Ligand code: ANZ
């Protein structure tokens, strides 16, 4: 019987007492392997966490065996709403709730045998941590990248707070909070804003050098949404006012039938004439109720109203009507567009509804309108017969010469609204005087303790309830603290740096010190970061922004924080659905660790399928892995018990173990853990068929390469065969000369008929195999004079050549 609980606890204690996973002060050959640190919720660790955490643990353990100095830390993203809401409900302080959860999480992680250096543990709610979150904020402020602005914010009444664009989702066309699905409306408020838009270009550029999934890079690229176009200035008839439009199709300017402004455009009221007033006002009211999605979706009805005013076309001098329509968003470009129905779909729908002229300016058949492609321009004085690109260039020169427009790059990215009307977050390190002037506070601004964290009705946040904290008198002058706190994303935007700063005694090296610089030189960037895809545009964009800023002010030596990033797939319930409490298909890792053991759940999750795929939980699969683990243990015990005759020389076994080392290593490097495991299964089957005791050296090698997956059992095997513990071991050297070359021969088919046979050498790659096959006389005669259309090679089995 394999007593997993006993054995696993024994080794966990051993690792802890021996500080086996202690990080080296200075790294020579370094590997920084990072997990997305968890929010310590009341529910504890779930099996999804475990998937990514096992994967990084395998890599960390493998790298250590390969002689790398490894930094593999964990910590707690511990500020946030749930703790606050729990506190509201129970009257407890969020800190005590959070600490209890952290203690539980830590215990869980240790019970799974993860090789974290717990001396490096960080907690975003620790003042020793958030003093540096505040420091980064102050640096952003000093560089003009943080300011207080009256902005249209996403106000969420249900949560009593403002949310960032990234925290708002649309469900059936209704804007709701990502957390809790509460309705969200636009509302003007004074808020801290971080100017991430000033980093749009750098954030785009930086993507190029990253080893990230292409799909994820694309998500960030689209979120940043760079668009190269032009601004055109349109003089409002009989005034000295101008409306500026942004267009990516300057070449279509002769086809304009209206200039359309957003309902939020500052000139709306001024431009609306006499009898048009009441209609425009009614329209503005209606718009307020719509979501951005409703306004911009192509399928949705395009609506608008005429203002009664006109602009003068800068080229033809004709009068063009000014309309208001809600498909034009104030938050993009200039909040006004030139409407060209013949060559834009939304403008086309709009013109059909309101009988605006469709002026074709590219030479195509009318039935193809709206026509969006390239072609020869017509009815366009300066650019007749020119194509789109040439036309844009000619018109751009004309705009610039006549001072009526210019080139312009627009980004979809919005600035990051950085205030939250909550309690459980980082306070801002600032004071306001009575005139509202801002002063940075040099020292840490501690979050005051209080049990009164009800949202304040004034939209100022719960901190406004604590008058003794809010108001400060310094040298007789009155100041007040900011009663907002930072958003959840603040701490996670730099936590991976905090691990590097953390000392074993719990203190931190100052972020702006030479010592910090030295350590960053040694450990950055993160070599591998594994986590869920849901962080594509939130955490991963914010962290890249802060990191790039810290690079620009000389704090960190790399432009990007995370060199390689992998998104793990979801682990679904046994029913193939996403695990959720309401469905009741959630698997509790604690129960599995108790019933099957940590090694079993680790190996099982890795064996379920490719790391990046979604996979369903399978209790049968888990039981199978548990039996396999027991089988390995029993097998080694059987060998050790001496019931078989010893046999120190077994060429076949030597060949197989060396091949296995190669295979497992190769698949670890490719993160194909399921394949590595299946190779080990085949090997174990072979081992159990032996009629004599294998050399202990072979068993030792197996235990070492198995250890990243099932570290407890690996240690136990090493002990059984009197070998040293894992920390003294290195990844086994492959004796390639011991690998017996298999003589594999494959059949060669031409159009599905077998025409020959060829013995392939190990050193041949697929290209070489195909080349050699074609040279076989029995094959060659079927190929001569024919055209080869396809070659299908099934490894070590068959080659089929398709000819015509
Ligand atoms: C005239 C035009 C003619 C346009 C044409 C397109 C085709 P992207 O690529 O997404 O940047 N636009 C500009 N600002 C807008 C706003 N605030 N709200 C809604 N639409 C806006 O799209 C740029 C195009 O979107 C711009 O080019 C403008 O329409 C529209 F045949 O200008 B175009």
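Just so you know, glycine gets a Cβ as well, placed from its N, Cα and C.
All TrEMBL annotations are machine predictions without curation.
Annotated features in TrEMBL:
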- 37-168: domain 'Methionyl/Leucyl tRNA synthetase' (DOMAIN)
- 221-396: domain 'Leucyl-tRNA synthetase editing' (DOMAIN)
- 412-604: domain 'Aminoacyl-tRNA synthetase class Ia' (DOMAIN)
- 578-582: motif ''KMSKS' region' (MOTIF)
- 581: ATP binding site (BINDING)
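With DSSP classes pooled into helix, strand and coil, the tally for the domain 'Methionyl/Leucyl tRNA synthetase' (37-168) is 69 helix, 22 strand, 41 coil.
Secondary structure at the residue listed as 'ATP binding site', taken from DSSP and collapsed to helix, strand or coil, is coil. Within the model, the domain 'Aminoacyl-tRNA synthetase class Ia' (412-604) shows a mean pLDDT value of 93, rounded to a whole number. Cβ environment of the residue listed as 'ATP binding site': 43 lie under 8 Å away, each six or more residues apart in the same chain.
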